[in-house]
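Here's what Swiss-Prot has on this protein:
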- Ser65, Ser96: hexadecanoate binding site (BINDING)
- 5-287: domain 'DegV' (DOMAIN)
Amino acid sequence: MKKSFLIMTDSSTTLDREWAKNNDVMILPLSILRSDHTLIVDDGIESKPERIYEDIDNGYTFQTSCTPYGVLIEAIEQKLQEYEKIIFIGISSGFSSQFNNAKNLEKEYQDKLFVVDTEDFGYSLEHLVYKIKAMLSNNISFGDILKMINKHHDYTSSFLACENITGLVRSGRIPKIIGTMLKLSKVTPIIKAEWKNHRAGMALNIRSAPHKILENINHVFDNQLNNHTIEKVCILQAGLSSERIDELKNDVINHFHVDKEKIVIRSGPPIFLVYVWKGALGIQVIANIPKKHVEKKH
């Protein structure tokens, strides 16, 4: 007898892989191509952060891409032998063609495959999975679950800062001329990750970047963030020391007056580490109030 629902996501999430296996969640691997044409499958084994940092130290650069189309089709076909329905929630369509590829298959698997553009990544996807699981266990209607998924990004905000922008410049995610200007001025760019990346100002350096990020996030929610309106705060880190992580937690607590139990720490997904490099940091907030200042899709 088939199970009712499978949640299918991808390796842009921070979700624990063992937990996923035991909870009817499949994490599809995205693809990482090293500059020597070595293909790294982002499966949490080939793509461990330590391996990525070592490759960067050895001078390699990277390009990334979606799950190969054939692998995606095979995964859907296989899982529909085990499950009645698949809910697909992967990386934002602004970062990858992953969503478009899955959406194109929705018609072929009508009433079996349901694909939603999350406009998100990282811990926001992890949190979304938990919400879906909770609603399923409480017998919430499938229609209401899909409505929640479609609106989830209205309650999330993500900002990043990286100490070394070389990976972003080489990949074309920051134009070379802007990259040169940033290196000469020795400032740290702040990146707003909302559907896709947007420039969100500068910090004097990586040490002062968290303060700028927290101010930006608060502005997104019209300065209404506090312990009552925040569900979770995730600190995304790329090889930071435990001391630095503790400093960031204190920054979040002092800025939002939020309980420390609402703060989680996650390593950045490898699909992003290959661009932002070691020393980068990010902060993702999930609130129970909607954003007021939103970047329009274009």
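Cβ from N, Cα, C; glycine included.
Per-site Cβ counts within 10 Å over the binding-site residues Ser65, Ser96 peak at Ser96. In the three-state DSSP reading, Ser96 (hexadecanoate binding site) counts as coil. Taken residue by residue with DSSP, Ser65 (hexadecanoate binding site) is part of a strand. Taken together, the residues of the domain 'DegV' (5-287) have an average pLDDT of 95.
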